[in-house]
Amino acid sequence: MPLSRTLSVSSLPGLEDWEDEFDLENSVLFEVAWEVANKVGGIYTVLQTKAKVTGDEWGDNYFLVGPYTEQGVRTQVELLEPPTPALKRTLDSMNSKGCKVYFGRWLIEGGPLVVLLDVGASAWALERWKGELWDTCNIGVPWYDREANDAVLFGFLTTWFLGEFLAQNEEKPHVVAHFHEWLAGIGLCLCRARRLPVATIFTTHATLLGRYLCAGAVDFYNNLENFNVDKEAGERQIYHRYCMERAAAHCAHVFTTVSQITAIEAQHLLKRKPDIVTPNGLNVKKFSAMHEFQNLHAQSKARIQEFVRGHFYGHLDFNLDKTLYFFIAGRYEFSNKGADVFLEALARLNYLLRVNGSEQTVVAFFIMPARTNNFNVETLKGQAVRKQLWDTANTVKEKFGRKLYESLLVGSLPDMNKMLDKEDFTMMKRAIFATQRQSFPPVCTHNMLDDSSDPILTTIRRIGLFNSSADRVKVIFHPEFLSSTSPLLPVDYEEFVRGCHLGVFPSYYEPWGYTPAECTVMGIPSISTNLSGFGCFMEEHIADPSAYGIYILDRRFRSLDDSCSQLTSFLYSFCQQSRRQRIIQRNRTERLSDLLDWKYLGRYYMSARHMALAKAFPDHFTYEPHEADATQGYRYPRPASVPPSPSLSRHSSPHQSEDEEEPRDGLPEEDGERYDEDEEAAKDRRNIRAPEWPRRASCTSSSGGSKRSNSVDTSSLSTPSEPLSPASSLGEERN
């Protein structure tokens, strides 16, 4: 079923303008997730980046609840004494009854307070709690599924903590508990089963069954309504996990997902329509001048070029100044992440560049962690050879410079035949001989444990991209997370992204997609799909995404072969751009970062919490969603200049990096369109804050503050049949 644009649950103008009148003085927020100070996947990034904006709203009444891990506490958490007597009594009570509960400050931006529950120390109660879970929720958990057993322990400990916290407070606060993913969902179900006075929110960042089904090469999105979910979950031996996730979704006062595409998925697989969509954001750090991030791109690109010089030693027969760096990164899910489509498109791009005699070279990086045992010896040797050449060149340069200096010092021109002696030539010849090798540069930087069956390497063998001299597309598979301490490519992920020209993420299953969002914030164009949350969000809010360096690949309504052809077209068109066009496009891409800032996207979470308070405490809070008029639909406009990446445009100020100057292809200035980057940037930044909508009373807090609305019938809030989005914008259909 196609995405509906008539009812938008992620439209910026649909959000209420909350003011300080909404009283949170006697309210406490607990955000519960398995990835609090415990990096496992993308939820860690969500919590880490969102902590500051949430802390600004809730102050000292904001706490994160997660599992205790020795590594996480040692490197990320400062252990502290609880700041309030009630919280201290809560922890003391639990610790005296056989639990181990720790309190501290997570050392990230915003410095939120965290409560860490030691799951392993409570394993003595596992069987009893599993029995209670069966009696209460009819969910049985097998003994062999350690992850599910940990979820049971974590859920019961979380519920115990929340119940104890409420009991230790003489004046009962209004508690909001926000649970992320199925691993934390048991706690939500138990809160409702034990009738704790807690407003609950459940956010699914990706459905369990959806991820499994997409990995099985099924036509997922066109058959959503046809799946027998119980049968599919049972066949994949995840039925108990699926039950945990579905129960949490149905028990929550407010159910949210991270994107519209995941909302549709959840409606069919979890059988509840989300109340609101809460897109993921980032902490955007703006530069004081436009050229700063362009110069960072040039510096990071130079680091990547050093690696390429070593990796391709002996076959460095291409111009690095005419080389583009593409990359794909993420969890190693070959088809879900679109690595299969990317490889096929690279093979077709290689053919197009060769038959058209292009001087452009593309180096495509695959940054996907896989099972390895050590570095590839040939790759290490390449970096050693590069360093040896650099040392040789510096030695000869110093001797040459000293002789030149001495000659000029006595007032005579140097004799060029005496500037380099025989020893220097011998040293240089030995360095040249060291660069010779018979084999092609390696495709993989590490030795893989399952080389013969690895999906990426198997596909590369099939399509024949072996990094030969004739290939215009080179492939480098780096099956490890990037690190600035690596002996091969000593850069961290952020620096690597800044140095690349294009991020390619043709995912088939991507509920949100932080990787293209990170590219956008850093001013790097990216390719996403209309099956990713990020792609759908950008497609909805930008009139012409490609003009801003956001290319949306159609993987929903096209066949796999057609999608490969479209991706090839995107890549080839990008290769045809001049440096100047890429500079202008990077400027535009970076300006979109305002759309992804938590300062704006954090309001979706704010609205979800207000909705939950109104449902759980109808005598104290009321909530009425705001509906924008049809004329208030928000879309980021096309850039003022035409064409989208103008080759006939004049730069008004030196925003490009110093090493990316180039002539205007012989075109006189009067033939081109005047292009003022500062003026266009000012227009775009104004658009992110406009249009304004009329104020409407939407909330009441009887515990303090002034009245903002008449009370509403909260019975309509208890049914999840229709999304009560603060952003439900009845906008016109858009093509």
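Going from the start of the chain as shown, residues are counted 1 onward.
Yeah, the Cβs are placed from backbone N, Cα and C, and that goes for glycine too.
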Cross-ref Swiss-Prot: alpha-D-glucose 6-phosphate site HIS291, GLU292, GLN294, HIS297, LYS301, ARG582, ARG586; candidate in list HIS205, HIS240, HIS478, HIS501 matching that site is HIS501
The recorded positions listed are HIS205, ARG331, SER412; by CA-CA distance, the one closest to HIS297 (alpha-D-glucose 6-phosphate binding site) is ARG331
Across GLN294, SER412, THR515, listed as recorded positions, the smallest other-CB tally within 10 A is for SER412
Smallest Cα-Cα separation from ARG331 (UDP binding site) among the binding-site residues GLU292, GLN294, ARG586 is shown by ARG586
Check: min Cα-Cα distance from GLN294 (alpha-D-glucose 6-phosphate binding site) over binding-site residues LYS39, HIS205, ARG211, GLY513 goes to GLY513
Cβ proximity for LYS301 (alpha-D-glucose 6-phosphate binding site), under 8 A, sequence spacing 6+, ordered by residue number, returns TYR325, GLY499, CYS500
Of all C-alpha pairs drawn from the UDP-alpha-D-glucose-binding set HIS205, ARG211, ARG331, GLU510, TRP512, GLY513, the farthest apart lie at a distance in Å of 15
Across all protein chains shown, the one of the binding-site residues HIS291, HIS297 with the most other Cβ atoms within 10 Å of its Cβ is HIS297
Ordered by sequence, the long-range same-chain Cβ contacts of ARG211 (UDP-alpha-D-glucose binding site) under 8 Å (at least 6 apart) are ASN336, TYR509
